[in-house]
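Student: Take this structure first; my questions come after.
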């Protein structure tokens, strides 16, 4: 965009500035409108899951409901507790929203990339990590026991789930050979736009693990312990009202949107789909945007479905799920991703194999054979690991269901 | 968790087979159930009669309404007889006494000539804002004068409006008959019998002088309530709460204005004779509100049963003469 403006006769610094402002505006507007749509979408779909109808009065099918809610929150009183740390209390929602909006800088909209960082994946994870700071600020600054408990829980949860989340991305980075989201999307464009990573055993497991960990990162049910209403009111948001509460809400839903977008980009091929390459140009870009939004909102529907189905976990269940279930599986997935990469690109790793099987990236019989071998091998590894760890978890749960009298007598437990 | 304090038969142990591999089957099953719910609610047929356990249960309230059961009770109302316009209330104070939140306030009517109490209420105020809809007043009333209404859309921005006075409490018996036919038929006979007895003890207009005028003498409730009463008599559309509530939901000056316009219209049509008495003025008002079926009753002998309106002037004069004679007989 900056180049086009320079050609129009603007000075180069000015054209960069104008292009950046336009991009920032588009991202902010797109993010907020997406968030507004998301709240409506979630409320409508969860209503139907609960045999209700949801907001359907304001505007066509209730689509304008988020706008009325926005006006409502903006006109509400903005109360700050007397003993709160005023500055921290004020800054917490800003930090939360800032962290979310930053991650939108690299998120692609279909095939349109606001910024193509070469370490975009890292950037997304890093900005996601900023959430815990905002949460802790809100919890501490409110000077409220429930807020502090919520903030502590939130930070503990975010730190625990960042590890499986980051490590679930490593297979994708390994398979692509790059951390750039644009390269990751391009790498999934084989098979007429359907070569998504989710169709490989490594990608499937990675998708499931990443999505689950992201649910916890976005504090979605069943991982909404920081906001557990029945225990600690609204967690770190307890002392917030009016516009500040709305900013928290905005940041939460925007980060959920970001999670859906990133999952769609990493595992579901981003804007790739049949027909995008054939159309090309602006039409192809629009089609890719439609594909991308469809994938993202389908993912969000799964989030809502999980919210409507699964009850909230306990804190210890949450932690053991992260460390005893997700983490081992993620490690195994990295292992099988390494096998996958080694098998599909073995000329780079082991030239001797090229002599036997021929060079990779050629669509001949031996290459299909290699693909088949890679699929079978990684499938065996992953399925075996899932079965083993599920069984171990099962037995572990079984063991701790009861404390026997002998154990009590021995002073165990 | 320790179970040692429990008797053995109290412990329910759920056997879970260790060897059984449950690869997230419970989770997938649960998600499947929720998704089926979603599908049925979104694409299935409406289920507002609760015939099925799945689907849309919602009743879209302002457009769709559930039928209200006959014994439903919201706020108390007072009844008056369609034919004579006499109120059923005798101010026996039973309801005022039993009312748990003490929101009923009655002033007994007195014979202006003798100063003796008359079986009728001069004032009747009910605080709707504090009423708890227990229905004790309707239970206890020996004259079946106070009944529980079905109209529940009473929200207002004007709080003082919720201190409802006699004029706005009165509904015709025929209105109550439409909302609770069997309940009324059970008590109808004795109620009307008691009313006839009471009418004999009510001198003059006492006992039927409410429900037709509020501030400024504008015949408000008379305009509204006979409309509700006249319709079933004509076999026309069912009268509903909102119809009877014309004077209730409007601000008072607005109502007064409306009635002034109606009175003016009526005067134009009926000529100067309509202005002769406020009673006569009320009759055309009824006519305009009650519309076609009641319009036939514009003649003084028509079936419209507003208070004193079905009497012709000479009949009324005759009645007054008889009463004056009686008073003279009693030596006043």
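A Cβ is built for glycine as well, from the same backbone N, Cα and C atoms used for every other residue.
TrEMBL labels come from automatic prediction, so no person has curated them.
For reference, TrEMBL lists these features for the protein:
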| type | residues | note |
| --- | --- | --- |
| TRANSMEM | A:12-41 | transmembrane segment |
| TRANSMEM | A:87-107 | transmembrane segment |
| TRANSMEM | A:119-142 | transmembrane segment |
| TRANSMEM | A:154-174 | transmembrane segment |
| TRANSMEM | A:194-216 | transmembrane segment |
| TRANSMEM | A:246-269 | transmembrane segment |
| TRANSMEM | A:289-310 | transmembrane segment |
| TRANSMEM | A:322-343 | transmembrane segment |
| TRANSMEM | A:371-390 | transmembrane segment |
Student: For the transmembrane segment (A:322-343) and the transmembrane segment (A:154-174), does the number of C-beta pairs under 8 Å, pairs 6 or more apart in sequence, reach 3 or more?
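Tutor: Counting Cβ pairs under 8 Å, at least 3, so yes.
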Student: Residues of the same chain, at least six outside the transmembrane segment (A:119-142), with any C-beta under 8 angstroms of its C-beta?
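Tutor: For the transmembrane segment (A:119-142), the sequence-distant neighbours (Cβ-Cβ under 8 Å, at least 6 residues beyond its ends) are 81, 84-96, 98-100, 102-103, 105-107, 148-152, 154-155, 158-159, 162, 165-166, 169, 172-173, 179-182, 184, 217, 226, 235-240, 248, 251, 255, 258, 262, 266.
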Student: Using a threshold of three or more Cβ pairs below 8 Å, and leaving out pairs closer than 6 in sequence, do the transmembrane segment (A:246-269) and the transmembrane segment (A:87-107) count as in contact?
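Tutor: When sequence-distant Cβ pairs are counted, the transmembrane segment (A:246-269) touches the transmembrane segment (A:87-107), since at least 3 lie under 8 Å.
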Student: Are the transmembrane segment (A:12-41) and the transmembrane segment (A:154-174) near each other by the rule of at least 3 C-beta pairs under 8 angstroms (pairs 6 or more apart)?
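Tutor: These two stretches do not touch.
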Student: Counting only CB pairs under 8 A, let me know which of A:12-41, A:194-216, A:246-269 has the most with the transmembrane segment (A:289-310).
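Tutor: Answer, by Cβ pair count: A:246-269.
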Student: Six or more residues beyond either end and a Cβ under 8 Å away: which residues meet both conditions relative to the transmembrane segment (A:194-216)?
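Tutor: Long-range Cβ neighbours of the transmembrane segment (A:194-216): 157-158, 160-162, 164-165, 168-169, 171-172, 175, 187-188, 222-223, 259, 262-263, 266-269, 272-274, 299, 302-303, 306, 318, 322, 326, 329-330, 333, 336-337, 340, 375, 378-379, 382-383, 386.
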